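Enquirer: Input: one structure, supplied below.
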Amino acid sequence: MYPSKAAVEVIQLGRISYGRALQVQQLYVRRHLDSKDKLHNALLLCEHPPVYTIGIRQALYPFEEEQRLKLLGAEFFRSNRGGLITFHGPGQLVCYPILNLGCFKKSVRWYVCELERTVINLCRKYGIRASTSPNTGVWVGDNKICAIGIHCGRYITSHGLALNCNTDMGWFENIVPCGIVGKGVTSLSQELGRDVSIEESIPPLLETFSDQFDCTLHHGEYSNNE
């Protein structure tokens, strides 16, 4: 029997390469799968050096496109998350929830909606009116402020959300973000007309995540020996 409120460990990874972050995610996924009697829900927070990533619909991105983006000074990764191409980089808060949905609700649709509501409520704290759209993610008008792309296997989640705090928007000009033509991107800093750092945005994100998922958060530390 699970407790009434799930416990989630918050792990701050700092700036970490996308490839290394994939490995860390898999370590935490494996903790869920290997343990029969302990719960290992975790929220991995980090920031990446410039990188373009694509999801499971990879056919649109041939080798030539990959090379073009790499020549811009970014890495390029093909991953098993949902969604099309996006950018991660400095000034963007990336959040990877590694959750057993059995502790919450066994519904991927519900889970994605809760992630969206978490960010919408964060934006509300800043006085920004954000919303969902027929396209996944969180939007301010026609501009995406937070991309969401997840993977879920055996009800264990990985990948997650990327919130633009004070990101250099120029990186997005080299792609069609998430494959959505005619839409733009924005950030907390751009909407507020002042600098909003990752460090500033973490506390309100944790607060809204805790409220939305009705869970208790406790801070932990990542060990390279995991």
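Cβ atoms are placed via backbone N, Cα and C, with glycine included.
Okay, these came from TrEMBL:
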{"type": "DOMAIN", "residues": "37-217", "note": "domain 'BPL/LPL catalytic'"}
{"type": "BINDING", "residues": "ARG81, GLY82, GLY83, LEU84, ILE85, THR86, PHE87, HIS88, ALA147, ILE148, GLY149, GLY160, LEU161, ALA162", "note": "substrate binding site"}
{"type": "SITE", "residues": "LYS144", "note": "site 'Lowers pKa of active site Cys'"}
{"type": "ACT_SITE", "residues": "CYS178", "note": "active site, acyl-thioester intermediate"}
Enquirer: Excluding near sequence neighbours, so keeping only residues 6 or more apart in the same chain, what lies with its CB under 8 A of LEU161 (substrate binding site)?
Expert: VAL94, CYS95, LEU115, THR118, VAL119, CYS146, ALA147, ILE148
Enquirer: Take the Cβ of ILE85 (substrate binding site) and count every other Cβ within 10 Å, whichever protein chain it belongs to.
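Expert: For ILE85 (substrate binding site), the 10 Å Cβ neighbour count is 22.
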Enquirer: Please report the Cα separation of PHE87 (substrate binding site) and LYS144 (site 'Lowers pKa of active site Cys') in Å, rounded to an integer.
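Expert: Given the Cα positions, PHE87 (substrate binding site) is 12 Å from LYS144 (site 'Lowers pKa of active site Cys').
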Enquirer: Between ARG81, LYS144, which of the recorded positions has the fewest other CB atoms within 10 angstroms in the structure shown?
Expert: ARG81
Enquirer: For the substrate binding site, please report the maximum Cα-Cα distance among ARG81, GLY82, GLY83, LEU84, ILE85, THR86, PHE87, HIS88, ALA147, ILE148, GLY149, GLY160, LEU161, ALA162 in Å.
Expert: 15
Enquirer: What's the CA to CA span in angstrom from ARG81 (substrate binding site) over to LYS144 (site 'Lowers pKa of active site Cys')?
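Expert: Given the Cα positions, ARG81 (substrate binding site) is 18 Å from LYS144 (site 'Lowers pKa of active site Cys').
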Enquirer: Measure the Cβ-based neighbour count of GLY83 (substrate binding site), defined as the other Cβ atoms within 10 Å of its Cβ.
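Expert: Around the Cβ of GLY83 (substrate binding site), 21 other Cβ atoms lie within 10 Å.
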Enquirer: Counting only residues 6+ apart in the same chain, whose Cβ is under 8 Å from the Cβ of GLY149 (substrate binding site)?
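Expert: Those within reach of GLY149 (substrate binding site), by Cβ under 8 Å and sequence separation of 6 or more, are GLY55, ARG81, GLY82, GLY83, THR86, THR136, HIS159, GLY160.
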Enquirer: State the Cα to Cα distance, in Å, between LYS144 (site 'Lowers pKa of active site Cys') and ILE85 (substrate binding site), rounded to an integer.
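Expert: If we compare the Cα positions of LYS144 (site 'Lowers pKa of active site Cys') and ILE85 (substrate binding site), the gap is 13 Å.
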Enquirer: What is the total of other Cβ atoms whose distance to the Cβ of PHE87 (substrate binding site) is within 10 Å?
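Expert: I count 27 other Cβ atoms within 10 Å of it.
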